[in-house]
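S.K.: One structure, as structure tokens, below. Some questions next.
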Amino acid sequence: MSYKLIKRLFSSSPYKKCPQVCIVGAGPAGFYAAMHLTKKLEAVNIDILEKLPVPFGLIRYGVAPDHPEVKNVINQFTKVAQQANVNFYGNITLGKDVHLEQLRQNYDAVLLTYGAEEDKLLGIENEDASNVFAARNFVGWYNGLPADKDLKIDLSCNTAAILGQGNVALDVARILLTPIDELTKTDITEHSLSVLSESKLKEIYLVGRRGPLQVAFTIKELREQLKLKNCRTIWNEKDFQDVEKIVPSLPRPRKRLTELMLKSVNEKQTIVDDPNIKYFKPKFFRSPNKFLVDDKKQLAGIELTCNILVGDNLESQKCVPTDEKEILNCDLAFRSIGYKSVKADKDLTLKQGCIPNDKGVVEDASSDLAKLYVAGWLGTGPVGVILHTMGNAFQVAKVMCEDLGKLSNTQTKAGFEEVKKTIAQNNGNVIDWTGWERIDTYEVENGKKIGKPREKICDVEKMIEVAKA
Amino acid sequence: MLRNFVKNLSSKNLRCIIKNNGGITSFGNIRSIAPLSTTELALKDEKINITFVLYDGKRLQTEAKVGDTLLDVVVNNDLNIEGYGACEGTLTCSTCHVVLKDEDYKRLPEEPCDEERDMLDLAYGLTDTSRLGCQITLTKDMDGLEIKVPETINDARS
């Protein structure tokens, strides 16, 4: 308190203006950045713009429904949003309802945190076959993302393959393998629950290009998978040749993860004659070469190329294809090989799926416009858990604080007052925080009726209707 | 109280399950609202002083209630540690990562369980004396405890 007073008294600019900050994307990166800015700046006004009528991004639409604890962070974000100088404006699409240039004209700083919403393609033959899905769309489907609610997925088959070995791949496997009674207690959407309850899937392969020492999933997710009720894990013991010898030399996280895999390998679980048991089968050193289809373009299998690893650094060894091929028979496949960001506005330049930046600052020649920043997956690429996004968002917000402190004493920017005039021409349904609170209450009440913590509204029109009621 | 009771008689695994339960390691003072015994009332008032030393050298000294976790202390005293305790003590994040002095680490009554270690593995600046603040319950003899809060930013990544 006294520090702030002294700072104000000795400040060279007694009439300090209130910087206007615009954040595009109400996911964890946006909220963590807002948290830092409101804590560190004496005066600031923050407007968070979001494409959907509802906040929280991947916390709401990415975190698996059986991980409700991870979503507790919503409470911290809600506190941020409830501050008088933070505003949420939902249902506004950058590049459509408002252009980046307009934002940069009317704010002192613009931070882009709209994430990575597109999935990467494998770029192989028959990738458009029916029953080949992006893991991302499947996640969106069970989590109620409006764009994915109508996904037509056929679970009447025996075998599925997930291509990729990250945490999203494990989420997909776990949701497909978890006994349905356990999912009914979560906030998983009703439409997916009814499809999952009819599932005939018996076995799921988790296919990776490289070996056990290079898997991208983290230990918590693996531990959960290995503990899953009515599910056995079948490894190929040969994949673990020599792994045991290397374990002592690994850094602690990789070491513990590998030890957990080895422990499971050594249990030597086998196929049993029990219709209630399902199987989880990790498969290493294989890259998909092409999808095999029947005459109706239904998926019938995947041709895999066998790989070998080269390089000295074990954790970053590269895989090299051999001439050897094998066929994996399956009727359903998910690609889970990462995401990329979209170019939301004509003025943006993306490189390798993200916006190039230096500690969050996006360099460009438009010196007459507000400085542009990027945080979260849009800037770093789609890697890491919430903690990593938090660290990155704080770091970028710190740079923003320094820059905003140096702002010259020009007139206060108009901010949303001005921007909303343009938005109103394109879209009359801006949803504010009160609107979200109505949606929230509605969803929780609807969930209560069927014994779930929440039943999400999966339709944008319906969200708007409830928010405006 | 309930937790202390369970702690005294149970195995390491059971302790993890209990601690994993948000209802018990919660922010609210459930224990003081519904005391289960009179000894709890006496215990409730026991206070000690502890200090959080932030990565930038800033020291946050605070009074803390015996029986609270380090996460409870941060929340109840509204200590300014950014992003601390995102999952609210449910062992699903590592934002409450703290580093203890060697001697303090060694005298903690319990070793971290697998689930806590799993989360620590994701933390930045992991050390041999790292713990999650939500898993450290304060006892009377911890008066004067100093806890380091490491930076949440991994410079290698950006």
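The backbone N, Cα and C atoms fix where each Cβ goes, glycine too.
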S.K.: If I go by TrEMBL, which of A:Gly384, A:Gly391, A:Gly405 binds NADP(+) at the same site as A:Gln165, A:Gly166, A:Asn167, A:Val168, A:Arg209, A:Arg210, A:Glu221?
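M.R.: Site partner of A:Gln165, A:Gly166, A:Asn167, A:Val168, A:Arg209, A:Arg210, A:Glu221 for NADP(+), according to TrEMBL: A:Gly384.
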S.K.: Measuring CB to CB from A:Asn167 (NADP(+) binding site), give everything in the same chain under 8 Å that is also at least six residues away in sequence.
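M.R.: The list for A:Asn167 (NADP(+) binding site) reads A:Ala216, A:Phe217, A:Thr218, A:Glu221, A:Val385, given in order along the sequence.
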S.K.: Going by DSSP, is A:Arg210 (NADP(+) binding site) sitting in a helix, a strand, or coil?
M.R.: coil
S.K.: With a CB cutoff of 8 A to chain B, go through the binding-site residues A:Glu50, A:Val385, A:Ile386 and name the hits, or write none.
M.R.: A:Val385, A:Ile386
S.K.: Given the binding-site residues A:Ala29, A:Leu94, A:Val385, A:Ile386, which one has the fewest other C-beta atoms within 10 angstroms of its C-beta?
M.R.: A:Val385
S.K.: Across all chains shown, how many C-beta atoms besides its own are within 10 angstroms of the C-beta of A:Arg209 (NADP(+) binding site)?
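M.R.: There are 21 such Cβ atoms around A:Arg209 (NADP(+) binding site).
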S.K.: So of all those binding-site residues, A:Gln165, A:Gly166, A:Val168, which one's Cα sits nearest to A:Leu58 (FAD binding site)?
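M.R.: Comparing Cα positions, the candidate nearest A:Leu58 (FAD binding site) turns out to be A:Val168.
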S.K.: Determine, from DSSP, whether A:Gln165 (NADP(+) binding site) sits in helix, strand or coil.
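M.R.: DSSP assigns A:Gln165 (NADP(+) binding site) to coil.
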